[in-house]
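I have placed the structure first, in the form of structure tokens, so that the comments after it can refer back to it.
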Ligand SMILES: Nc1ncnc2c1ncn2[C@@H]1O[C@H](COP(=O)(O)OP(=O)(O)OP(=O)(O)O)[C@@H](O)[C@H]1O
Ligand SMILES: [Mg+2]
């Protein structure tokens, strides 16, 4: 079925704009408590994080655990740049860009093992990478070793977060609709066969890793300027697992799914905070239940616009059966 | 076939090709030529090195020694996707279609480079494939993995044709198919050649291959032991005994 949907991009961007408008009203008219506002910012920045993970783990179909390392790189690079070079608040875009670019550089390097290694081996390599980054930071005096960096300017606010999210969505969409993006499905299925139909597998992987790391780096930069501090302990196993949970929860290879996954998981862990350690039991249990009943995550690889399309179709079917049968024969 | 007689400008020229897996040489220095417009068959028993040869041509595996000249250019060691862009396309052993993509998506995946820029070309080639294999037309929305073995072979050939190209390498297109379907596939291969694409066919089914081939090479444990036209092959007692049975 080849149906034309020119408004595809708009279909996913418009909800973000609506949400942004609501956020502005909520914040400017002080209709929301500070703690809720903080959760909203977590949701936004982790959505960017999850979009980044989805590039590699979802669209490219590689089980990577490098996201903690990418986030740490972006966060630290951004924090250092704002402490020593970009001290003014109007320089925040440069700080974010710097964090993203440093992470992207590292992402480019991390794409190299994916040319040859695969499956479990690649998972171990990327895990090793994340752990190396963490222990490197733990031992590097200049960035405070295990104490981390403190007194970072708190430049992040809700507008920056959602502005970046919009930007992230556009980047991901652009990539998915590029010729490399369109060949990802084939690469996921059979790498050699895709090369035989002239897909440049290495280039597609390199770009996917670079974009992924760039987005994750930006989410790290936002996080460190939201909290005002960072330390290596934030980029260990918990971060790795958190990232995977949000991606699988929302759906692999879906922009809507990334945002939904980040939203649900952030609300869950933030509201369960007063349960102490027990929140992991409740959260983990819920996760098991969801994954048993929704094996592909909430959105699978579908988008919001697909859902709207399906609903429209459902209603038009009840009106006329004729148009549907015409459409399916196309 | 005057080009072959004159030994002029082969489309594909391979000389002293050596391929080894670890220390064991699977291809031990073979040479062959394919001329424009021909169907060339490479025959050989299990393990003779037919698949290895094709994989070496498109850099799916690396070549140890020798020369591969395609359209006058040495393509040894060139990345696979660049070779296919140059016009050598390869229908791999075991079909290797994309199982969880539909038939239509399988074809589109092969056109990813030009589909957006040149819609007409894509539709042209797709129609061409659908006319060659009407069964695919009925199954555009079916998942590749749920096609029968024969249909998967058709899809694999169709997918390669969508990519375009001057020469099509086919690795045992008749493998695991019922006799009447084998006939059908071979008829189609003949048609593809008549429409202007050169074909290099690797086959165990020597009888069928010789029906349509213009020239044959016989491969035995990594060496070309015989080459000639199908008529010459049929006149050779040893070949008839070894490959054509009875
Ligand atoms: N990856 C590999 N590693 C080691 N040896 C291999 C490998 N692939 C093939 N071989 C060996 O190389 C030789 C040639 O194999 P090849 O697959 O080219 O044969 P073939 O002529 O295509 O046979 P068939 O008709 O059974 O497909 C065989 O002896 C095989 O065992
Ligand atoms: Mg073989």
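Every residue gets a Cβ built from N, Cα and C, even glycine.
Values in this document were obtained by computation on a predicted structure and should not be read as measured data.
Noted in TrEMBL for the protein shown:
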- A:9-26: transmembrane segment (TRANSMEM)
- A:32-52: transmembrane segment (TRANSMEM)
- A:59-78: transmembrane segment (TRANSMEM)
- A:90-109: transmembrane segment (TRANSMEM)
- A:121-137: transmembrane segment (TRANSMEM)
- A:157-176: transmembrane segment (TRANSMEM)
- A:207-227: transmembrane segment (TRANSMEM)
- A:247-268: transmembrane segment (TRANSMEM)
- A:280-299: transmembrane segment (TRANSMEM)
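Where the transmembrane segment (A:157-176) meets the stretches A:32-52, A:59-78, A:90-109, A:247-268, A:280-299, the count of C-beta pairs under 8 angstroms peaks at A:32-52.
Looking at A:59-78, A:121-137, A:247-268, A:280-299, the range that has the most CB pairs within less than 8 A of the transmembrane segment (A:90-109) turns out to be A:59-78. Taking every listed stretch (A:32-52, A:59-78, A:121-137) in turn, the largest tally of C-beta pairs under 8 A with the transmembrane segment (A:247-268) is reached by A:32-52. With a threshold of 8 Å between CB atoms, the same-chain residues lying at least 6 positions outside the transmembrane segment (A:121-137) that come near it are 62-69, 72-73, 76, 110, 113-114, 143, 145, 148, 232, 235-236, 240.
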